[in-house]
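Before any comments, here is the structure.
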Amino acid sequence: MKRIRQTMRAVVHGSGLRRLTPPQRVTSGTVVLGARHLSKSYGARTVLDDVSLDVRTGEVLALVGPNGAGKSTLLSILTGDTPPDRGEVTVLDRPLAAWSPAELALRRAVLPQSFTVSFPFDVVDVVHMGRAPWAAVDVDVDDDRVVADAMAATEVTALAARKFPSLSGGEKARVMLARVLAQQTQIMLWDEPTAALDIRHQESVLRIARQRAAQGDAIVVVLHDLALAAAYADQVAILSQGQIAAYGPPAEVFTAKLLSDVYSYEVEIVSHPRTGVPLVLPVR
(Lines of atoms letter the chains of each structure in order from A; the text may use other names.)
(Lines give C-alpha, C1' and ligand atoms only; values in the text may rest on other atoms or scores of the structure.)
Protein backbone atom coordinates (compact mmCIF):
# COMPACT_ATOMS: atom_id res chain seq x y z
CA MET A 1 0.00 0.00 0.00
CA LYS A 2 2.72 2.43 0.96
CA ARG A 3 4.67 1.40 -2.15
CA ILE A 4 1.81 2.47 -4.40
CA ARG A 5 1.41 5.79 -2.60
CA GLN A 6 5.13 6.50 -2.72
CA THR A 7 5.29 5.60 -6.41
CA MET A 8 2.43 7.95 -7.28
CA ARG A 9 4.02 10.84 -5.41
CA ALA A 10 7.45 10.12 -6.87
CA VAL A 11 5.99 10.30 -10.38
CA VAL A 12 4.42 13.68 -9.63
CA HIS A 13 7.54 15.12 -8.02
CA GLY A 14 9.89 13.76 -10.69
CA SER A 15 7.81 14.85 -13.66
CA GLY A 16 7.73 18.53 -12.80
CA LEU A 17 3.93 18.49 -12.86
CA ARG A 18 2.18 21.43 -11.24
CA ARG A 19 1.23 20.88 -7.64
CA LEU A 20 -2.49 21.26 -7.07
CA THR A 21 -4.35 23.18 -4.39
CA PRO A 22 -6.77 21.00 -2.43
CA PRO A 23 -10.38 21.90 -3.22
CA GLN A 24 -12.46 23.77 -0.68
CA ARG A 25 -15.65 22.04 0.37
CA VAL A 26 -18.81 24.00 -0.31
CA THR A 27 -21.81 24.30 1.98
CA SER A 28 -24.79 21.97 1.86
CA GLY A 29 -27.45 22.99 -0.65
CA THR A 30 -24.97 24.44 -3.15
CA VAL A 31 -25.38 23.55 -6.82
CA VAL A 32 -22.10 21.82 -7.70
CA LEU A 33 -23.07 20.10 -10.94
CA GLY A 34 -25.39 21.51 -13.55
CA ALA A 35 -26.78 20.34 -16.87
CA ARG A 36 -28.31 22.76 -19.34
CA HIS A 37 -30.27 21.71 -22.42
CA LEU A 38 -28.34 18.48 -23.00
CA SER A 39 -29.13 16.59 -26.19
CA LYS A 40 -27.49 13.49 -27.61
CA SER A 41 -28.24 11.32 -30.63
CA TYR A 42 -26.71 8.21 -32.11
CA GLY A 43 -27.51 8.23 -35.79
CA ALA A 44 -31.23 8.78 -36.17
CA ARG A 45 -31.94 7.77 -32.56
CA THR A 46 -32.30 10.60 -30.04
CA VAL A 47 -31.10 9.41 -26.64
CA LEU A 48 -31.38 12.71 -24.74
CA ASP A 49 -33.54 15.65 -25.72
CA ASP A 50 -33.11 19.05 -23.99
CA VAL A 51 -32.36 17.74 -20.49
CA SER A 52 -31.57 20.20 -17.68
CA LEU A 53 -31.03 19.57 -13.97
CA ASP A 54 -29.06 20.72 -10.93
CA VAL A 55 -27.16 18.58 -8.44
CA ARG A 56 -26.78 19.99 -4.93
CA THR A 57 -24.54 19.11 -2.03
CA GLY A 58 -26.31 17.38 0.81
CA GLU A 59 -28.62 15.50 -1.55
CA VAL A 60 -28.95 12.14 -3.26
CA LEU A 61 -30.35 12.51 -6.77
CA ALA A 62 -31.60 9.28 -8.34
CA LEU A 63 -31.96 8.91 -12.10
CA VAL A 64 -34.71 6.39 -12.82
CA GLY A 65 -36.65 5.23 -15.85
CA PRO A 66 -37.14 2.23 -18.13
CA ASN A 67 -34.42 0.60 -20.18
CA GLY A 68 -33.23 2.90 -22.95
CA ALA A 69 -34.62 6.04 -21.32
CA GLY A 70 -31.21 7.75 -21.34
CA LYS A 71 -30.11 7.37 -17.72
CA SER A 72 -26.61 6.04 -18.31
CA THR A 73 -26.06 8.38 -21.25
CA LEU A 74 -26.99 11.34 -19.07
CA LEU A 75 -24.62 10.18 -16.35
CA SER A 76 -21.85 9.66 -18.92
CA ILE A 77 -22.30 13.22 -20.17
CA LEU A 78 -22.28 14.54 -16.60
CA THR A 79 -18.96 12.78 -15.98
CA GLY A 80 -17.44 14.08 -19.21
CA ASP A 81 -16.98 10.62 -20.71
CA THR A 82 -19.50 11.35 -23.48
CA PRO A 83 -19.76 14.75 -25.19
CA PRO A 84 -23.28 16.11 -25.74
CA ASP A 85 -24.40 17.17 -29.19
CA ARG A 86 -25.86 20.29 -27.62
CA GLY A 87 -25.91 21.83 -24.16
CA GLU A 88 -23.40 22.27 -21.38
CA VAL A 89 -22.33 20.67 -18.12
CA THR A 90 -20.88 22.84 -15.36
CA VAL A 91 -18.94 21.86 -12.25
CA LEU A 92 -18.89 24.50 -9.52
CA ASP A 93 -20.17 27.07 -12.04
CA ARG A 94 -17.32 26.40 -14.47
CA PRO A 95 -17.76 24.55 -17.77
CA LEU A 96 -16.73 20.93 -17.43
CA ALA A 97 -14.17 21.37 -20.21
CA ALA A 98 -12.47 24.19 -18.26
CA TRP A 99 -11.25 21.76 -15.61
CA SER A 100 -8.11 19.71 -16.12
CA PRO A 101 -8.50 15.96 -15.51
CA ALA A 102 -6.34 16.27 -12.38
CA GLU A 103 -8.45 19.12 -10.98
CA LEU A 104 -11.66 17.29 -11.78
CA ALA A 105 -10.46 14.10 -10.08
CA LEU A 106 -10.15 16.01 -6.81
CA ARG A 107 -13.74 17.18 -7.04
CA ARG A 108 -15.79 14.34 -8.47
CA ALA A 109 -15.51 10.55 -8.50
CA VAL A 110 -17.25 8.15 -10.88
CA LEU A 111 -18.46 4.60 -10.30
CA PRO A 112 -19.07 3.14 -13.78
CA GLN A 113 -21.62 0.47 -14.59
CA SER A 114 -18.90 -1.92 -15.71
CA PHE A 115 -15.24 -2.03 -14.81
CA THR A 116 -12.13 -4.00 -15.59
CA VAL A 117 -8.75 -4.19 -13.92
CA SER A 118 -6.20 -5.49 -16.40
CA PHE A 119 -3.69 -6.83 -13.89
CA PRO A 120 -4.20 -9.14 -10.90
CA PHE A 121 -3.88 -6.44 -8.25
CA ASP A 122 -4.72 -7.17 -4.65
CA VAL A 123 -8.04 -5.68 -3.58
CA VAL A 124 -6.38 -3.24 -1.19
CA ASP A 125 -4.22 -1.93 -4.03
CA VAL A 126 -7.27 -1.38 -6.23
CA VAL A 127 -8.90 0.69 -3.48
CA HIS A 128 -5.65 2.62 -3.04
CA MET A 129 -5.96 3.73 -6.66
CA GLY A 130 -8.68 6.06 -5.45
CA ARG A 131 -5.98 8.05 -3.67
CA ALA A 132 -4.02 8.69 -6.90
CA PRO A 133 -5.42 12.20 -7.54
CA TRP A 134 -4.17 13.33 -4.14
CA ALA A 135 -0.56 12.50 -4.99
CA ALA A 136 -0.31 15.95 -6.59
CA VAL A 137 -1.63 17.74 -3.50
CA ASP A 138 0.34 18.79 -0.44
CA VAL A 139 -1.96 17.57 2.31
CA ASP A 140 -1.21 15.69 5.48
CA VAL A 141 -3.59 12.75 5.15
CA ASP A 142 -3.12 9.15 6.22
CA ASP A 143 -3.94 7.40 2.95
CA ASP A 144 -3.89 3.98 4.60
CA ARG A 145 -6.54 5.11 7.09
CA VAL A 146 -8.72 6.57 4.33
CA VAL A 147 -8.50 3.30 2.39
CA ALA A 148 -9.19 1.21 5.49
CA ASP A 149 -12.28 3.28 6.30
CA ALA A 150 -13.60 2.96 2.74
CA MET A 151 -13.09 -0.80 2.78
CA ALA A 152 -14.81 -1.11 6.14
CA ALA A 153 -17.79 0.92 4.92
CA THR A 154 -18.27 -1.37 1.92
CA GLU A 155 -17.51 -4.55 3.88
CA VAL A 156 -14.51 -5.63 1.80
CA THR A 157 -11.82 -5.55 4.49
CA ALA A 158 -11.70 -9.36 4.56
CA LEU A 159 -10.98 -9.34 0.82
CA ALA A 160 -7.90 -7.11 1.11
CA ALA A 161 -5.35 -9.74 0.04
CA ARG A 162 -7.54 -11.33 -2.66
CA LYS A 163 -6.75 -10.78 -6.32
CA PHE A 164 -9.37 -8.54 -7.89
CA PRO A 165 -10.09 -10.80 -10.91
CA SER A 166 -10.93 -13.69 -8.56
CA LEU A 167 -13.85 -11.86 -6.96
CA SER A 168 -17.54 -12.36 -7.68
CA GLY A 169 -19.46 -9.63 -9.50
CA GLY A 170 -20.95 -8.32 -6.28
CA GLU A 171 -17.59 -8.30 -4.51
CA LYS A 172 -16.01 -6.39 -7.39
CA ALA A 173 -18.80 -3.83 -7.27
CA ARG A 174 -18.22 -3.20 -3.58
CA VAL A 175 -14.45 -2.92 -4.06
CA MET A 176 -14.91 -0.36 -6.81
CA LEU A 177 -17.29 1.60 -4.59
CA ALA A 178 -14.60 1.56 -1.90
CA ARG A 179 -12.16 2.98 -4.45
CA VAL A 180 -14.60 5.81 -5.20
CA LEU A 181 -15.10 6.53 -1.50
CA ALA A 182 -11.33 6.58 -0.97
CA GLN A 183 -11.07 9.32 -3.59
CA GLN A 184 -12.79 11.66 -1.07
CA THR A 185 -14.54 13.96 -3.51
CA GLN A 186 -17.61 16.05 -2.70
CA ILE A 187 -19.35 15.02 -5.94
CA MET A 188 -19.96 11.36 -6.76
CA LEU A 189 -21.71 9.79 -9.73
CA TRP A 190 -22.69 6.11 -9.47
CA ASP A 191 -24.06 4.12 -12.41
CA GLU A 192 -26.26 1.25 -11.19
CA PRO A 193 -24.18 0.50 -8.07
CA THR A 194 -26.71 -2.05 -6.78
CA ALA A 195 -27.12 -4.11 -9.98
CA ALA A 196 -24.90 -7.04 -8.90
CA LEU A 197 -25.72 -6.93 -5.18
CA ASP A 198 -27.97 -8.92 -2.87
CA ILE A 199 -30.61 -7.13 -0.84
CA ARG A 200 -28.40 -6.56 2.22
CA HIS A 201 -25.63 -4.98 0.20
CA GLN A 202 -28.09 -2.95 -1.89
CA GLU A 203 -29.38 -1.39 1.30
CA SER A 204 -25.83 -0.90 2.57
CA VAL A 205 -24.75 0.97 -0.57
CA LEU A 206 -27.71 3.33 -0.45
CA ARG A 207 -27.18 3.93 3.27
CA ILE A 208 -23.63 4.99 2.40
CA ALA A 209 -25.09 7.43 -0.13
CA ARG A 210 -27.39 8.87 2.52
CA GLN A 211 -24.55 9.15 5.03
CA ARG A 212 -22.33 10.94 2.54
CA ALA A 213 -25.15 13.32 1.64
CA ALA A 214 -25.67 14.05 5.33
CA GLN A 215 -21.98 14.99 5.48
CA GLY A 216 -22.48 17.49 2.65
CA ASP A 217 -21.62 15.45 -0.43
CA ALA A 218 -23.61 15.38 -3.68
CA ILE A 219 -24.49 11.95 -5.05
CA VAL A 220 -26.04 11.16 -8.43
CA VAL A 221 -27.06 7.53 -8.73
CA VAL A 222 -28.67 5.57 -11.55
CA LEU A 223 -31.19 3.09 -10.15
CA HIS A 224 -33.64 0.60 -11.61
CA ASP A 225 -35.25 -0.24 -8.27
CA LEU A 226 -37.92 2.37 -7.60
CA ALA A 227 -38.24 1.19 -3.99
CA LEU A 228 -34.60 2.07 -3.35
CA ALA A 229 -35.01 5.43 -5.05
CA ALA A 230 -38.10 6.22 -2.98
CA ALA A 231 -36.44 5.19 0.28
CA TYR A 232 -33.06 6.87 -0.13
CA ALA A 233 -33.18 9.69 -2.69
CA ASP A 234 -33.92 13.30 -1.84
CA GLN A 235 -34.74 14.02 -5.48
CA VAL A 236 -35.54 11.79 -8.43
CA ALA A 237 -35.39 12.56 -12.12
CA ILE A 238 -37.70 10.24 -14.05
CA LEU A 239 -36.42 9.84 -17.59
CA SER A 240 -38.66 8.75 -20.43
CA GLN A 241 -37.73 8.67 -24.11
CA GLY A 242 -34.72 10.91 -23.53
CA GLN A 243 -36.55 13.59 -21.58
CA ILE A 244 -37.19 14.29 -17.91
CA ALA A 245 -40.82 13.37 -17.35
CA ALA A 246 -40.76 14.51 -13.71
CA TYR A 247 -38.26 15.90 -11.22
CA GLY A 248 -38.64 16.31 -7.47
CA PRO A 249 -38.98 14.43 -4.17
CA PRO A 250 -40.12 10.80 -4.64
CA ALA A 251 -43.26 11.34 -2.56
CA GLU A 252 -44.36 14.05 -5.00
CA VAL A 253 -43.38 12.63 -8.39
CA PHE A 254 -44.03 8.92 -7.89
CA THR A 255 -47.65 8.80 -8.99
CA ALA A 256 -49.43 5.76 -10.36
CA LYS A 257 -50.47 7.50 -13.57
CA LEU A 258 -47.03 8.91 -14.37
CA LEU A 259 -45.12 5.71 -13.65
CA SER A 260 -47.67 3.58 -15.49
CA ASP A 261 -47.25 5.81 -18.54
CA VAL A 262 -43.45 5.94 -18.33
CA TYR A 263 -42.97 2.19 -17.85
CA SER A 264 -45.87 1.16 -20.12
CA TYR A 265 -47.14 -1.08 -17.35
CA GLU A 266 -49.85 -0.40 -14.81
CA VAL A 267 -48.63 0.19 -11.26
CA GLU A 268 -50.18 1.33 -8.02
CA ILE A 269 -48.64 3.41 -5.23
CA VAL A 270 -49.11 2.58 -1.56
CA SER A 271 -47.47 4.13 1.47
CA HIS A 272 -45.20 2.03 3.63
CA PRO A 273 -47.14 1.42 6.88
CA ARG A 274 -44.21 2.45 9.07
CA THR A 275 -42.14 4.99 7.11
CA GLY A 276 -44.73 6.44 4.76
CA VAL A 277 -42.31 6.00 1.84
CA PRO A 278 -44.15 5.38 -1.45
CA LEU A 279 -44.02 1.77 -2.63
CA VAL A 280 -44.46 1.09 -6.33
CA LEU A 281 -46.32 -2.16 -6.96
CA PRO A 282 -47.11 -3.70 -10.35
CA VAL A 283 -50.77 -4.48 -10.87
CA ARG A 284 -51.00 -8.25 -11.23
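Cβ atoms here come from the backbone N, Cα and C positions, even for glycine.
Feature list (source: Swiss-Prot):
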BINDING   GLY65, PRO66, ASN67, GLY68, ALA69, GLY70, LYS71, SER72  ATP binding site
DOMAIN    33-266  domain 'ABC transporter'
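Within 8 Å of the centroid defined by the CB atoms of GLY65, PRO66, ASN67, GLY68, ALA69, GLY70, LYS71, SER72, the record's ATP site, lie the Cβ atoms of LEU239, excluding the listed residues themselves. Set side by side, the binding-site residues ASN67, SER72 differ in how many other CB atoms lie within 10 angstroms of their CB, and the most is found at SER72.
The Cβ of GLY65 (ATP binding site) lies under 8 Å from the Cβ of LYS71, ILE238, LEU239, SER240, ALA245, VAL262, each on the same chain and at least six residues away in sequence.
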